[in-house]
Amino acid sequence: MYASREDIGYDFGEDSKVGSKPTKPNPNIDGGWAWMIVLSSFLVHILIMGSQMALGILNMEWLEEFNQSRGLTAWVSSLSMGITLIVGPFIGLFISMCGCRTTAIIGGVLNALGWILSAYASNVHYLFLTFGLTAGIGSGMVYLPAVVMVGQYFQKRRALAQGLSTTGTGFGTFLMTALLKYLCSEFGWRNAMFIQGAISLNLCVCGALMRPLSPKDLCEKYVVRSDSEETRAKALSQSTETIKSNGVPGEETDKKEEAANEEVLGSVQHTEAGGKSGSGRSMYGLRLFKTVSQLTVTVRKGFALWYSSYFGAASLFTNRVFVAFIIWALFAYSSFVIPFIHLPEIVKQYNLSRQDNVFPLTSIIAIVHIFGKVILGIISDLPCISTWNVFLIANFTLVTCILTLPLMQTYVGLAVVCALIGFSSGYFSLMPVVTEDLVGTKHLANAYGIIICANGISALFGPPFAGWIYDITQKYDFSFYIAGLLYMVGIIFLVIQPCIQKKQPREKSTEEAQV
């Protein structure tokens, strides 16, 4: 297996040059302000993911208010959840140009606006636009920066930090469900959405806490890599000649543009200094031109980074393990969502409603899921443990539970399997860590944007597909079996691809020796 991005031999060129210089580690990496970033991300998960998990409360209100079919009404919450993740690659562009803090603050305003406008909905189609699209895009603009910033501020404790921050989803599910129930019963669903919109403005505060690290600080992050990590990083050493021959994405172009931009800004400063005796209006014009020029430089540089990550000579898609990771993500998320949808019906089918009312099986998943994220994060941060191995073991456990759940016909059996599903699905907190290991911190925003986009597609189409399978077979079992088998295909891609990449350089070196 591998422990970091060096294992798969994917080098973008900017980070590998840093590690040899003895530099004093930044106190904010793995400590200090880094824990404020974890708090900010934790609150983001409560307000965004927690609210989306509690949309079943509003879904019942919408069914009663608009008298539409269950399928059509369900698309409101599906759109909101799906778009939050699907817009990931485009949010990566915003982060490259504006930074995480600005992107998150704008997203907070947009999310709150979506909730408030939805309070005036006259039909379900109106909600598609205001809640599904507007609030969904706003959620995506806050969610991705929250994950990326934790990855930037942590090195030794990345898995634990991501685990702690993402537990906000579990806590948020309980808090937001109770809050929305209370608000809907006391004030009606329209006023409840208006109040929730006001609460969502706290996302702007969370965004303001995302203080960006300087490029120097990001470089110093790799200095604190432990010796054990360096040893594991060479466990699957690969040839990087092909990728390096393509060059660092946009490096030469960036240097030329940077030199040209500095020349323009320098001439503006020279004119500004020499024209102090000129009129105030001309000086204001020069300052405005300087500001616009600096903004243009930032936007062009951010767009160049985003474009090269996807379409450049050394784009993310030249990393075969990362492509296998995307294929896995297309099948993984729906396998986690399907039990939440069909468990109540399975409980009813086996006449277990009395026990389930005392302690719902979905609550067992949610509670154990919180502990799973933290415990798996702690285990992954141990010096002798590979994050990749923990990630794969958790995936194998989850897919096994998905395939065996329909075979359980007692409440105790279902409870045990649901507990295992909740614990093993804690690997979600390891996804940003694995992504960063594959591509590096600089490209984390763009790479993780693609991964959550694949998760969004899975979340959007997985549950309807499971419902379609039930309509054909009239059994819930096949939904679990098909979802589990597709999930297993994705895991097999993750297992096989690193082995293939490890074998290819050896074959190439053997051929060269023979020549």
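Placement of Cβ uses the backbone N, Cα and C atoms for every residue, glycine included.
Taken from TrEMBL, the feature compositional bias 'Polar residues' covers 236-245.
Annotation source TrEMBL lists domain 'Major facilitator superfamily (MFS) profile' at 37-502. Residues belonging to the domain 'Major facilitator superfamily (MFS) profile' (37-502) score a mean pLDDT of 78 in the model.
TrEMBL lists 235-264 with the feature region 'Disordered'.
Taken from TrEMBL, the feature transmembrane segment covers 33-55 (among others).
For 75-95 (among others), the entry in TrEMBL reads transmembrane segment.
The annotation transmembrane segment is assigned in TrEMBL to 102-120 (among others).
Feature annotation from TrEMBL assigns transmembrane segment to 126-148 (among others). Under 8 Å from some Cβ of the transmembrane segment (126-148) lie the Cβ atoms of residues 40-41, 44-45, 48-49, 52, 62, 75-76, 78-88, 91-92, 94-95, 100-101, 103-104, 106-115, 117-118, 162, 165, 203, 206-207, 210, 432, 444-445, 448-449, 452, all in the same chain and six or more residues away from its ends.
Taking Cβ pairs closer than 8 Å, the transmembrane segment (160-180) reaches residues 34, 38, 41-51, 53-54, 56-58, 146-147, 150-151, 153-154, 192, 196, 366-367, 369-370, 373-378, 380-381, 426, 428-430, 432-433 in its own chain, all 6 or more past its ends. Annotation comment: TrEMBL describes 160-180 (among others) as transmembrane segment.
Among the features that TrEMBL reports, transmembrane segment is placed at 192-210 (among others).
Listed as Cβ neighbours of the transmembrane segment (321-341) (distance under 8 Å, sequence separation of 6 or more from its ends, same chain) are residues 2, 8, 10, 362, 365, 395, 398-399, 402, 405, 418, 421, 425, 434-435, 438-439, 447, 450-452, 454-459, 461-463, 465-467, 479-480, 483-484, 486-487, 489-491, 493-494, 496-498, 501. The transmembrane segment annotation in TrEMBL covers 321-341 (among others).
Under the heading transmembrane segment, TrEMBL lists 361-379 (among others). Sequence-remote contacts of a segment are chain residues at least 6 beyond its ends whose Cβ falls under 8 Å from one of its Cβ atoms, and for the transmembrane segment (361-379) they are 159-164, 166-167, 169-171, 173-174, 339-340, 343-344, 347, 385, 390, 394, 414-415, 418-419, 421-430.
According to TrEMBL, the transmembrane segment annotation covers 386-405 (among others).
Remote same-chain residues near the transmembrane segment (411-434) are listed as 147-148, 150-151, 158-159, 162-163, 165-166, 325, 336, 339, 343, 346-347, 352, 355-356, 359, 361-362, 364-369, 371-377, 380, 387-388, 390-391, 394-395, 397-398, 401-402, 404-405, 444, 448, 451 (criterion: CB distance under 8 Å, separation of at least six residues from the stretch ends). Marked as transmembrane segment by TrEMBL: 411-434 (among others).
The transmembrane segment annotation in TrEMBL covers 446-466 (among others).
According to TrEMBL, the transmembrane segment annotation covers 478-496 (among others).
Spatially, the transmembrane segment (478-496) is not adjacent to the transmembrane segment (75-95); fewer than three Cβ-Cβ distances between them are under 8 Å for residues at least 6 apart in sequence. It is 192-210 that, among the stretches 33-55, 192-210, 386-405, forms the most Cβ pairs under 8 Å with the transmembrane segment (102-120).
Put simply, of 33-55, 75-95, 192-210, 386-405, the stretch with the most CB pairs closer than 8 A to the transmembrane segment (446-466) is 75-95.
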